[in-house]
Every structure is written in C-alpha cells, then in structure tokens.
Amino acid sequence: MTTPSPSDALLIAGKRYRSRLLTGTGKFKDLDETRLATEAAAAEIVTVAIRRVNIGQDPNAPSLLDVLPPDRYTLLPNTAGCYSAEDAVRTCRLARELLDGHNLTKLEVLGDERTLYPDVVQTLKAAEQLVADGFEVMVYTSDDPILAKRLEEIGCVAVMPLAAPIGSGLGIQNKYNLLEIIENAKVPIIVDAGVGTASDAAIAMELGCDGVLMNTAIAGARDPILMASAMRKAIEAGREAFLAGRIPRKRYASASSPVDGVIG
C-alpha cells in the first residue's frame, strides 16, 4: 500500500508543512472556538486579517497570539479589506513590524464589496511592490490561468485562485480553469474562497491542488469544530486519491470480474 510520505509535504517559501489545510481566524464566536477549530483541522498555517484581528495592535485587548502562538503556527497575515495596492502594501508592512520581520504574507486586493472578486490590476501592482520589498507573497486571485502564471512570474511563492466568491459556499465553479492553472504552475496552487463542505475540499485536492484555504466553511458551520475535523479528513482523502490516480471515465460498463476462466 502506498501512502503519502514525509517527502509529500507542502513546500511554501522553503518551509515544509505536513498539513495541506490552511484555515482562517475570522467569524468564530470567540478566541477559544478559534483555537479548538484550528486544532481540529490540524492546520499549521493560519491566516490573520491585520485590519480586523488583534495581534498586538491593541495591548489592552485579547490577542490572537494568546491562543495561536507563533512558535506553534505559521501566521499568515492577510490584506483582507484592502481595495487598492497602496492599502495592501501598507498593511503588509504593518504586519511585518508587528510580527518582528515576518515576511510571509497573503495578498488580496478586492474589486468591490458585493462580489469580493479580486481587482487584478491592483493585485499585480501590489504583488510587484511586495516582492521587490522582500515579502514572500501568497496571492489571492481569480481563476484566470494567464493571470495566475503572471503572478508566479512576478515571484509570488504561492498562487491562490478562488473556487467561487468568498463566503459563498458554492464549491468549485470552473474546475477546467483550475486544472489549467495547476498543470502550468511551478509554485503551489492553493484554492482560496468558495468551499462550502468537505466534498468541495476533496474535489480540489483530487484535481491536484496543493492545498485549500478556508474560513467561512468552518466558522459558519453549525458545529465548527466537527466541520474542521471533516475538512481535515477530506483534504487527506483528496490528496491520497490524487496520488493514487483515478480510473478513466468511460461511457459504458466494464465488468469488475473477467469473463476468462469462468467455471462451468
């Protein structure tokens, strides 16, 4: 039996991770639920919205770092809520200052409040500036294969195409675009946004994605802790299925028991 080995680890910016499930820290009812869900997901990389979550900006308020310490988790500060390259770059620099020179960041520059689709022009502009400034950029983008390749060429360490609009729970809406991105990439491709349940995560991994990032699908579930556990198992199952190789789709039946050698 073949099982994923340590050499199958997710590699981002030179660091290896056992878990291919990345989780967010927003929308939970409190910090304790955030901690429990993160543990149930077995996530190693957790995203933090610098403009919304306290990681030291307010010394008088509870800090996320109290429940998700940086010596145990890789914190991935993100630019959620930014609508221009300038705001995104400024937010990343603030995060680097708060986290003592931490360069890994998740870039997202939104186009409008209704769809939360990425503004690809501003995203490209911000990515170029951040890479030049020494940041290791994981970038949220559309499922456009040409744009994904351009972001890779700029120097982003991971490209994160959406499966569907943020928080929609619609699942993967265009798997053929996603496949095109995966097949032409030389950096990790991590689905970001749109996952609604465990089967969505499994499908993303079966397609060959390197990982999945989610927040609402877990935090918005009736039982976030149980859903985090389900997502962990789905990611693992999807990855194993991808490595094992699915059978070809056929129009007609194919008997599982051969005719040759039938008794009688």
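Every residue, even glycine, has its Cβ placed from backbone N, Cα and C.
On a predicted model such as this, the values are computed, not experimentally measured, just so you know.
What Swiss-Prot records for K106 is active site, schiff-base intermediate with DXP. Mapped onto three states, the DSSP output places K106 (active site, schiff-base intermediate with DXP) in strand. Counting every protein chain shown, 27 other Cβ atoms lie within 10 Å of the Cβ of K106 (active site, schiff-base intermediate with DXP).
DSSP assigns A193 (1-deoxy-D-xylulose 5-phosphate binding site) to coil in the three-state reduction, placing it in neither a helix nor a strand. Counting every protein chain shown, the Cβ of A193 (1-deoxy-D-xylulose 5-phosphate binding site) has 26 other Cβ atoms within 10 Å. Annotation comment: Swiss-Prot describes G167, A193, G194, N215, T216 as 1-deoxy-D-xylulose 5-phosphate binding site, evidence class sequence analysis.
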Residue with minimal Cβ packing [other Cβ atoms within 10 Å] among the binding-site residues N215, T216: T216
Listed in sequence order, residues with CB under 8 A of G167 (1-deoxy-D-xylulose 5-phosphate binding site) and six or more positions away: L116, A193, T216, G220
Pairwise Cα distance for N215 (1-deoxy-D-xylulose 5-phosphate binding site)/K106 (active site, schiff-base intermediate with DXP) [Å, integer]: 14
